[in-house]
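Chemist: When I checked TrEMBL for this same protein, it listed these features:
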- 63-235: domain 'SIS' (DOMAIN)
- E287: active site, proton donor (ACT_SITE)
- K422: active site (ACT_SITE)
Amino acid sequence: MENLKINISKSGVAADVVKGYEKQALENLSALYNKTGKGNDFLGWVELPAQITDAQFADLEATAAAIRAKADYVVVVGIGGSYLGARAVIDGLNNSFDWLQTSRKNPVILYAGQNIGEDYTHELLEFLQDKSFAVVVISKSGTTTEPAIAFRLLKELVEKKYSKTEAKERIVAITDAKKGALRTLATQEGYKTFVIPDDVGGRFSVLTPVGLLPIAIAGHNIRQLVKGAVDMKGLTAPGVAFDQNPAAQYAAVRNELHKKGKAIEILVNYQPKLHFFTEWWKQLYGESEGKDNKGIFPAGVDFSTDLHSMGQWIQEGVRNIFETVVTVKSPNTKVVVPNDAADLDGLNFLAGKRVDEVNKMAELGTLVAHVDGNVPNIMVEIPQLNEYYLGQMIYFFEIACGMSGYILGVNPFDQPGVEAYKKNMFALLEKPGYEAETKAIKAKL
Ligand code: PA5
(Lines of atoms letter the chains of each structure in order from A and count residues from 1; the text may use other names and numbers.)
(Lines give C-alpha, C1' and ligand atoms only; values in the text may rest on other atoms or scores of the structure.)
Protein backbone atom coordinates (compact mmCIF):
# COMPACT_ATOMS: atom_id res chain seq x y z
CA MET A 1 0.00 0.00 0.00
CA GLU A 2 1.14 3.51 -0.78
CA ASN A 3 1.99 6.02 1.95
CA LEU A 4 2.52 9.74 2.28
CA LYS A 5 5.76 10.69 0.51
CA ILE A 6 8.03 13.70 0.75
CA ASN A 7 10.12 15.05 -2.11
CA ILE A 8 12.87 17.51 -1.20
CA SER A 9 14.69 17.39 -4.53
CA LYS A 10 13.53 20.90 -5.45
CA SER A 11 14.28 22.43 -2.06
CA GLY A 12 17.72 23.59 -3.09
CA VAL A 13 19.17 21.94 0.01
CA ALA A 14 21.97 19.57 -0.97
CA ALA A 15 21.78 15.95 0.16
CA ASP A 16 24.92 16.24 2.33
CA VAL A 17 23.48 19.32 4.06
CA VAL A 18 20.25 17.44 4.81
CA LYS A 19 22.35 14.54 6.09
CA GLY A 20 24.10 17.00 8.42
CA TYR A 21 20.84 17.20 10.41
CA GLU A 22 20.64 13.45 10.95
CA LYS A 23 22.09 13.27 14.46
CA GLN A 24 20.14 16.28 15.74
CA ALA A 25 16.84 15.24 14.17
CA LEU A 26 17.00 11.67 15.42
CA GLU A 27 18.10 12.73 18.91
CA ASN A 28 15.16 15.10 19.00
CA LEU A 29 12.83 12.36 17.84
CA SER A 30 14.07 10.15 20.68
CA ALA A 31 13.55 13.05 23.09
CA LEU A 32 9.90 13.20 21.98
CA TYR A 33 9.48 9.48 22.66
CA ASN A 34 11.53 9.43 25.88
CA LYS A 35 10.01 12.68 27.11
CA THR A 36 13.42 14.20 27.83
CA GLY A 37 13.02 17.48 25.91
CA LYS A 38 11.32 20.80 26.61
CA GLY A 39 7.58 20.70 27.23
CA ASN A 40 7.74 17.00 28.08
CA ASP A 41 4.50 17.08 30.05
CA PHE A 42 2.63 17.72 26.77
CA LEU A 43 3.75 14.71 24.77
CA GLY A 44 0.69 12.49 25.15
CA TRP A 45 -0.09 12.91 21.43
CA VAL A 46 3.06 10.95 20.42
CA GLU A 47 1.68 7.58 21.57
CA LEU A 48 -2.00 8.52 21.63
CA PRO A 49 -3.23 7.18 18.26
CA ALA A 50 -2.10 3.62 19.07
CA GLN A 51 -3.64 3.80 22.54
CA ILE A 52 -7.26 4.54 21.61
CA THR A 53 -9.24 1.52 22.74
CA ASP A 54 -12.12 -0.17 20.99
CA ALA A 55 -14.36 0.90 23.88
CA GLN A 56 -13.36 4.54 23.34
CA PHE A 57 -14.10 4.32 19.61
CA ALA A 58 -17.43 2.64 20.37
CA ASP A 59 -18.39 5.37 22.87
CA LEU A 60 -17.57 8.10 20.35
CA GLU A 61 -19.45 6.31 17.57
CA ALA A 62 -22.51 5.67 19.73
CA THR A 63 -22.63 9.30 20.86
CA ALA A 64 -22.19 10.46 17.26
CA ALA A 65 -25.02 8.14 16.15
CA ALA A 66 -27.34 9.50 18.86
CA ILE A 67 -26.63 13.10 17.86
CA ARG A 68 -26.98 12.26 14.15
CA ALA A 69 -30.36 10.70 14.83
CA LYS A 70 -31.59 13.82 16.61
CA ALA A 71 -30.13 16.77 14.75
CA ASP A 72 -30.00 18.11 11.20
CA TYR A 73 -27.45 20.72 12.28
CA VAL A 74 -24.68 20.30 14.83
CA VAL A 75 -22.90 23.35 16.18
CA VAL A 76 -19.31 22.65 17.18
CA VAL A 77 -18.26 25.31 19.69
CA GLY A 78 -14.53 25.86 20.17
CA ILE A 79 -11.53 27.91 19.10
CA GLY A 80 -7.89 27.29 18.12
CA GLY A 81 -6.88 23.74 18.92
CA SER A 82 -10.43 23.01 20.01
CA TYR A 83 -11.75 23.88 16.54
CA LEU A 84 -9.29 23.69 13.67
CA GLY A 85 -8.51 19.96 13.65
CA ALA A 86 -12.14 18.92 13.40
CA ARG A 87 -12.83 21.48 10.71
CA ALA A 88 -9.71 20.52 8.74
CA VAL A 89 -10.79 16.88 8.55
CA ILE A 90 -14.52 17.51 8.06
CA ASP A 91 -13.96 20.02 5.25
CA GLY A 92 -11.31 17.74 3.76
CA LEU A 93 -13.76 14.83 3.56
CA ASN A 94 -17.22 16.35 3.12
CA ASN A 95 -18.89 16.61 -0.24
CA SER A 96 -18.50 20.34 -0.96
CA PHE A 97 -22.20 20.80 -1.75
CA ASP A 98 -23.89 18.32 0.58
CA TRP A 99 -24.91 21.14 2.94
CA LEU A 100 -27.06 22.58 0.13
CA GLN A 101 -29.08 19.39 -0.38
CA THR A 102 -32.61 19.38 0.98
CA SER A 103 -32.40 15.76 2.03
CA ARG A 104 -29.06 14.70 3.50
CA LYS A 105 -27.50 11.61 5.03
CA ASN A 106 -25.29 13.63 7.36
CA PRO A 107 -25.99 16.58 9.62
CA VAL A 108 -24.50 19.92 8.59
CA ILE A 109 -21.69 20.95 10.92
CA LEU A 110 -21.73 24.62 11.89
CA TYR A 111 -19.12 26.37 14.00
CA ALA A 112 -19.37 28.87 16.82
CA GLY A 113 -17.06 30.31 19.44
CA GLN A 114 -14.21 30.61 16.94
CA ASN A 115 -14.86 34.36 16.74
CA ILE A 116 -16.73 37.07 18.64
CA GLY A 117 -18.49 38.59 15.64
CA GLU A 118 -21.89 39.77 16.84
CA ASP A 119 -23.52 39.53 13.42
CA TYR A 120 -22.18 35.99 12.92
CA THR A 121 -23.55 35.03 16.32
CA HIS A 122 -26.91 36.66 15.66
CA GLU A 123 -27.26 35.04 12.26
CA LEU A 124 -26.39 31.61 13.66
CA LEU A 125 -28.91 31.88 16.51
CA GLU A 126 -31.57 33.16 14.13
CA PHE A 127 -30.92 30.33 11.68
CA LEU A 128 -31.17 27.68 14.39
CA GLN A 129 -34.52 28.93 15.74
CA ASP A 130 -36.61 26.59 13.58
CA LYS A 131 -34.00 23.89 12.92
CA SER A 132 -33.36 20.62 14.64
CA PHE A 133 -29.92 21.05 16.18
CA ALA A 134 -27.43 19.83 18.75
CA VAL A 135 -24.29 21.33 20.29
CA VAL A 136 -20.81 19.94 20.93
CA VAL A 137 -18.91 22.35 23.15
CA ILE A 138 -15.14 21.91 23.32
CA SER A 139 -12.71 23.68 25.64
CA LYS A 140 -9.73 22.11 27.36
CA SER A 141 -9.35 24.88 29.90
CA GLY A 142 -13.11 25.26 30.07
CA THR A 143 -12.67 29.00 30.53
CA THR A 144 -11.92 30.40 27.05
CA THR A 145 -14.04 33.51 26.51
CA GLU A 146 -15.06 33.09 22.85
CA PRO A 147 -16.55 29.59 23.12
CA ALA A 148 -17.93 30.34 26.60
CA ILE A 149 -20.00 33.27 25.26
CA ALA A 150 -21.21 31.27 22.24
CA PHE A 151 -22.12 28.31 24.44
CA ARG A 152 -24.04 30.44 26.94
CA LEU A 153 -26.21 31.70 24.06
CA LEU A 154 -26.63 28.28 22.44
CA LYS A 155 -27.43 26.59 25.74
CA GLU A 156 -30.14 29.18 26.35
CA LEU A 157 -31.57 28.52 22.89
CA VAL A 158 -31.54 24.72 23.35
CA GLU A 159 -33.30 25.03 26.71
CA LYS A 160 -35.90 27.46 25.35
CA LYS A 161 -36.55 25.62 22.09
CA TYR A 162 -36.55 22.12 23.60
CA SER A 163 -36.29 21.84 27.40
CA LYS A 164 -33.70 21.47 30.09
CA THR A 165 -34.24 17.73 30.06
CA GLU A 166 -33.86 17.50 26.30
CA ALA A 167 -30.70 19.63 26.54
CA LYS A 168 -29.00 16.59 28.11
CA GLU A 169 -29.66 14.69 24.88
CA ARG A 170 -28.55 17.53 22.61
CA ILE A 171 -25.45 18.90 24.31
CA VAL A 172 -22.11 17.10 24.61
CA ALA A 173 -19.13 18.69 26.35
CA ILE A 174 -15.48 17.87 25.71
CA THR A 175 -13.17 19.26 28.36
CA ASP A 176 -10.67 18.53 31.12
CA ALA A 177 -11.39 15.56 33.39
CA LYS A 178 -11.68 17.71 36.50
CA LYS A 179 -10.79 21.38 36.05
CA GLY A 180 -12.54 24.39 34.54
CA ALA A 181 -15.92 26.05 34.39
CA LEU A 182 -17.12 23.83 31.54
CA ARG A 183 -16.43 20.67 33.58
CA THR A 184 -18.38 22.09 36.53
CA LEU A 185 -21.26 23.19 34.28
CA ALA A 186 -21.41 19.88 32.38
CA THR A 187 -21.43 17.86 35.59
CA GLN A 188 -24.12 20.04 37.13
CA GLU A 189 -26.31 19.91 34.01
CA GLY A 190 -25.77 16.18 33.48
CA TYR A 191 -24.34 16.43 29.95
CA LYS A 192 -22.55 13.57 28.26
CA THR A 193 -18.83 14.43 28.39
CA PHE A 194 -15.54 13.32 26.89
CA VAL A 195 -12.13 14.06 28.37
CA ILE A 196 -9.21 15.87 26.76
CA PRO A 197 -6.07 14.24 28.19
CA ASP A 198 -3.92 16.51 30.38
CA ASP A 199 -0.78 15.78 28.40
CA VAL A 200 -2.19 16.74 24.96
CA GLY A 201 -2.17 20.44 24.05
CA GLY A 202 -4.94 21.99 21.97
CA ARG A 203 -3.15 22.05 18.63
CA PHE A 204 -2.13 18.39 18.99
CA SER A 205 -5.61 17.24 20.05
CA VAL A 206 -7.38 16.40 16.77
CA LEU A 207 -7.08 12.65 17.40
CA THR A 208 -8.70 12.95 20.85
CA PRO A 209 -12.50 13.39 21.23
CA VAL A 210 -11.88 17.08 20.36
CA GLY A 211 -11.61 16.11 16.71
CA LEU A 212 -12.95 12.57 16.69
CA LEU A 213 -16.48 13.28 17.97
CA PRO A 214 -17.31 16.08 15.48
CA ILE A 215 -15.69 14.07 12.67
CA ALA A 216 -17.78 11.00 13.55
CA ILE A 217 -20.93 13.14 13.77
CA ALA A 218 -20.17 14.48 10.29
CA GLY A 219 -20.29 10.87 9.07
CA HIS A 220 -16.61 10.02 8.66
CA ASN A 221 -14.69 6.92 9.67
CA ILE A 222 -12.64 7.83 12.73
CA ARG A 223 -11.06 4.37 12.96
CA GLN A 224 -9.51 4.82 9.51
CA LEU A 225 -8.34 8.33 10.42
CA VAL A 226 -6.60 7.02 13.52
CA LYS A 227 -5.23 3.99 11.62
CA GLY A 228 -3.55 6.38 9.21
CA ALA A 229 -1.92 8.16 12.15
CA VAL A 230 -0.83 4.87 13.74
CA ASP A 231 0.77 3.73 10.49
CA MET A 232 2.53 7.08 10.06
CA LYS A 233 3.81 6.74 13.62
CA GLY A 234 5.45 3.49 12.52
CA LEU A 235 6.96 5.18 9.45
CA THR A 236 8.47 8.03 11.48
CA ALA A 237 9.46 6.26 14.71
CA PRO A 238 12.95 6.11 16.22
CA GLY A 239 14.74 3.28 14.47
CA VAL A 240 13.58 4.31 10.98
CA ALA A 241 16.62 5.46 8.98
CA PHE A 242 16.91 9.25 8.73
CA ASP A 243 16.66 9.30 4.93
CA GLN A 244 13.59 7.03 5.06
CA ASN A 245 11.82 9.12 7.70
CA PRO A 246 9.67 11.74 5.91
CA ALA A 247 9.08 13.78 9.06
CA ALA A 248 12.78 13.97 9.90
CA GLN A 249 13.53 15.04 6.32
CA TYR A 250 10.88 17.75 6.44
CA ALA A 251 12.10 19.05 9.83
CA ALA A 252 15.69 19.14 8.57
CA VAL A 253 15.01 20.88 5.27
CA ARG A 254 12.70 23.58 6.66
CA ASN A 255 15.22 24.41 9.40
CA GLU A 256 18.02 24.65 6.83
CA LEU A 257 15.92 26.92 4.61
CA HIS A 258 15.16 29.08 7.64
CA LYS A 259 18.87 29.30 8.42
CA LYS A 260 19.45 30.46 4.84
CA GLY A 261 17.10 33.42 5.37
CA LYS A 262 13.73 31.99 4.41
CA ALA A 263 11.49 33.54 7.04
CA ILE A 264 8.14 32.38 5.67
CA GLU A 265 6.86 28.91 4.78
CA ILE A 266 3.78 28.83 2.59
CA LEU A 267 1.66 25.69 2.72
CA VAL A 268 0.12 25.24 -0.70
CA ASN A 269 -2.80 23.07 -1.70
CA TYR A 270 -4.48 22.46 -5.04
CA GLN A 271 -7.71 21.12 -3.52
CA PRO A 272 -10.20 23.63 -2.09
CA LYS A 273 -11.22 21.01 0.46
CA LEU A 274 -7.81 21.39 2.10
CA HIS A 275 -8.23 25.07 2.96
CA PHE A 276 -8.86 24.33 6.63
CA PHE A 277 -6.12 21.72 6.73
CA THR A 278 -3.80 24.64 6.02
CA GLU A 279 -5.44 26.63 8.82
CA TRP A 280 -4.82 23.69 11.18
CA TRP A 281 -1.17 23.48 10.02
CA LYS A 282 -0.72 27.23 10.50
CA GLN A 283 -1.75 26.94 14.13
CA LEU A 284 0.35 23.82 14.67
CA TYR A 285 3.56 25.43 13.40
CA GLY A 286 2.82 29.03 14.36
CA GLU A 287 2.05 28.36 18.00
CA SER A 288 4.74 25.72 18.31
CA GLU A 289 7.67 27.63 16.81
CA GLY A 290 6.89 31.34 17.01
CA LYS A 291 8.50 32.27 20.33
CA ASP A 292 11.76 33.51 21.87
CA ASN A 293 11.97 35.88 18.87
CA LYS A 294 12.36 32.85 16.59
CA GLY A 295 10.30 30.84 14.15
CA ILE A 296 9.29 30.47 10.53
CA PHE A 297 6.07 32.40 9.80
CA PRO A 298 3.53 29.85 8.54
CA ALA A 299 1.38 31.15 5.71
CA GLY A 300 -1.04 29.39 3.39
CA VAL A 301 -2.52 29.66 -0.09
CA ASP A 302 -5.14 27.76 -2.06
CA PHE A 303 -4.00 27.19 -5.66
CA SER A 304 -4.85 27.67 -8.40
CA THR A 305 -7.28 30.25 -6.89
CA ASP A 306 -4.54 32.27 -5.23
CA LEU A 307 -2.20 32.03 -8.22
CA HIS A 308 -4.46 34.78 -9.54
CA SER A 309 -3.82 36.95 -6.50
CA MET A 310 -0.85 35.95 -4.32
CA GLY A 311 0.91 34.29 -7.25
CA GLN A 312 2.53 37.57 -8.26
CA TRP A 313 4.06 38.10 -4.80
CA ILE A 314 5.28 34.53 -4.58
CA GLN A 315 6.88 34.69 -8.04
CA GLU A 316 8.56 38.07 -7.71
CA GLY A 317 8.28 39.54 -4.21
CA VAL A 318 10.87 39.48 -1.41
CA ARG A 319 12.85 36.24 -1.72
CA ASN A 320 12.35 35.16 1.89
CA ILE A 321 9.79 32.42 1.28
CA PHE A 322 9.66 28.73 0.55
CA GLU A 323 6.71 26.51 -0.33
CA THR A 324 5.52 23.19 1.01
CA VAL A 325 3.01 21.79 -1.46
CA VAL A 326 0.45 19.26 -0.28
CA THR A 327 -0.49 17.29 -3.35
CA VAL A 328 -3.18 14.64 -3.70
CA LYS A 329 -2.14 12.04 -6.27
CA SER A 330 -5.59 10.79 -7.39
CA PRO A 331 -8.98 12.45 -7.10
CA ASN A 332 -11.85 10.37 -5.72
CA THR A 333 -14.12 11.11 -8.70
CA LYS A 334 -13.74 11.69 -12.43
CA VAL A 335 -14.61 14.68 -14.63
CA VAL A 336 -13.44 14.84 -18.25
CA VAL A 337 -13.28 18.00 -20.36
CA PRO A 338 -15.82 17.47 -23.17
CA ASN A 339 -15.21 17.99 -26.87
CA ASP A 340 -17.11 20.92 -28.40
CA ALA A 341 -17.69 20.89 -32.14
CA ALA A 342 -17.58 24.68 -32.48
CA ASP A 343 -14.56 25.01 -30.14
CA LEU A 344 -15.34 28.70 -29.72
CA ASP A 345 -13.41 28.79 -26.44
CA GLY A 346 -10.40 27.09 -28.08
CA LEU A 347 -10.33 24.39 -25.42
CA ASN A 348 -10.53 21.32 -27.65
CA PHE A 349 -6.83 20.65 -27.04
CA LEU A 350 -7.98 19.60 -23.55
CA ALA A 351 -10.91 17.47 -24.72
CA GLY A 352 -10.79 14.02 -23.19
CA LYS A 353 -8.41 15.06 -20.42
CA ARG A 354 -9.44 14.81 -16.82
CA VAL A 355 -9.79 18.07 -14.90
CA ASP A 356 -7.19 16.72 -12.48
CA GLU A 357 -4.68 16.43 -15.33
CA VAL A 358 -5.05 20.15 -15.91
CA ASN A 359 -4.73 20.77 -12.16
CA LYS A 360 -1.56 18.65 -12.05
CA MET A 361 -0.02 20.59 -14.94
CA ALA A 362 -0.88 23.84 -13.16
CA GLU A 363 0.90 22.37 -10.15
CA LEU A 364 3.96 21.29 -12.11
CA GLY A 365 4.15 24.50 -14.09
CA THR A 366 3.92 26.52 -10.89
CA LEU A 367 6.57 24.42 -9.19
CA VAL A 368 9.03 25.03 -12.03
CA ALA A 369 8.19 28.75 -12.19
CA HIS A 370 8.55 29.22 -8.44
CA VAL A 371 11.78 27.23 -8.20
CA ASP A 372 13.10 29.30 -11.14
CA GLY A 373 12.00 32.36 -9.17
CA ASN A 374 14.10 31.23 -6.16
CA VAL A 375 11.25 29.83 -4.10
CA PRO A 376 12.49 26.49 -2.74
CA ASN A 377 9.94 23.69 -2.85
CA ILE A 378 9.11 20.77 -0.59
CA MET A 379 6.46 18.35 -1.83
CA VAL A 380 4.26 16.26 0.44
CA GLU A 381 2.17 13.77 -1.53
CA ILE A 382 -0.75 11.69 -0.33
CA PRO A 383 -2.28 9.07 -2.64
CA GLN A 384 -5.90 10.14 -2.01
CA LEU A 385 -7.97 12.49 0.07
CA ASN A 386 -9.62 10.14 2.56
CA GLU A 387 -9.70 9.45 6.30
CA TYR A 388 -6.67 7.17 6.23
CA TYR A 389 -4.34 9.56 4.44
CA LEU A 390 -5.54 12.60 6.39
CA GLY A 391 -4.61 10.59 9.49
CA GLN A 392 -1.16 9.95 8.02
CA MET A 393 -0.72 13.62 7.18
CA ILE A 394 -1.85 14.81 10.63
CA TYR A 395 0.65 12.61 12.43
CA PHE A 396 3.39 13.41 9.89
CA PHE A 397 3.05 17.17 10.49
CA GLU A 398 2.74 16.73 14.27
CA ILE A 399 5.85 14.61 14.75
CA ALA A 400 7.82 16.78 12.31
CA CYS A 401 6.69 19.84 14.26
CA GLY A 402 8.05 18.40 17.51
CA MET A 403 11.41 17.60 15.88
CA SER A 404 11.53 20.89 14.04
CA GLY A 405 10.81 22.96 17.15
CA TYR A 406 13.56 21.17 19.05
CA ILE A 407 16.01 21.78 16.18
CA LEU A 408 15.05 25.47 16.36
CA GLY A 409 15.73 25.39 20.11
CA VAL A 410 12.26 26.32 21.40
CA ASN A 411 9.68 24.55 23.53
CA PRO A 412 7.17 23.55 20.83
CA PHE A 413 4.49 22.67 23.36
CA ASP A 414 3.72 25.91 25.15
CA GLN A 415 2.06 29.12 23.93
CA PRO A 416 2.82 31.85 26.47
CA GLY A 417 2.23 34.59 23.89
CA VAL A 418 -1.45 33.71 23.49
CA GLU A 419 -2.16 35.10 26.97
CA ALA A 420 -1.16 38.71 26.25
CA TYR A 421 -4.32 39.67 24.36
CA LYS A 422 -6.55 37.90 26.86
CA LYS A 423 -5.07 39.87 29.75
CA ASN A 424 -5.68 43.15 27.92
CA MET A 425 -9.19 42.15 26.85
CA PHE A 426 -10.15 41.26 30.42
CA ALA A 427 -8.60 44.50 31.67
CA LEU A 428 -10.58 46.51 29.11
CA LEU A 429 -13.78 44.62 29.96
CA GLU A 430 -13.13 45.35 33.64
CA LYS A 431 -13.24 41.70 34.68
CA PRO A 432 -13.21 41.37 38.49
CA GLY A 433 -9.65 40.73 39.65
CA TYR A 434 -8.15 42.79 36.82
CA GLU A 435 -8.46 46.23 38.51
CA ALA A 436 -4.73 47.05 38.37
CA GLU A 437 -4.47 45.91 34.72
CA THR A 438 -7.55 47.99 33.83
CA LYS A 439 -5.95 51.09 35.28
CA ALA A 440 -2.63 50.37 33.56
CA ILE A 441 -4.15 49.74 30.13
CA LYS A 442 -6.45 52.76 30.28
CA ALA A 443 -3.37 54.91 30.95
CA LYS A 444 -1.91 53.67 27.66
CA LEU A 445 -4.93 54.58 25.53
O1 PA5 B 1 -3.33 25.46 21.10
C2 PA5 B 1 -3.89 26.00 22.04
O3 PA5 B 1 -3.60 25.74 23.19
C4 PA5 B 1 -4.99 27.02 21.80
O5 PA5 B 1 -5.23 27.26 20.46
C6 PA5 B 1 -6.26 26.50 22.43
O7 PA5 B 1 -6.60 25.30 21.82
C8 PA5 B 1 -7.39 27.49 22.30
O9 PA5 B 1 -7.02 28.69 22.91
C10 PA5 B 1 -8.64 26.95 22.95
O11 PA5 B 1 -8.41 26.64 24.27
P12 PA5 B 1 -9.44 25.82 25.12
O13 PA5 B 1 -9.57 24.48 24.52
O14 PA5 B 1 -8.85 25.77 26.49
O15 PA5 B 1 -10.74 26.58 25.09
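Heads up, the Cβ atoms here are built off N, Cα and C, so glycines get one too.
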Chemist: Express the distance between the Cα positions of E287 (active site, proton donor) and K422 (active site) as a whole number of Å.
Modeler: 16
Chemist: Which whole-number mean pLDDT does the model give the domain 'SIS' (63-235)?
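Modeler: So the average pLDDT across the domain 'SIS' (63-235) works out to 97.
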Chemist: I'd like the Cβ neighbour count for E287 (active site, proton donor), meaning other Cβ atoms within 10 Å of its Cβ, all protein chains included.
Modeler: 23
Chemist: Would you mind checking how many other C-beta atoms are within 10 angstroms of the C-beta on K422 (active site)?
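Modeler: Summing over all protein chains shown, K422 (active site) has 13 other Cβ atoms within 10 Å.
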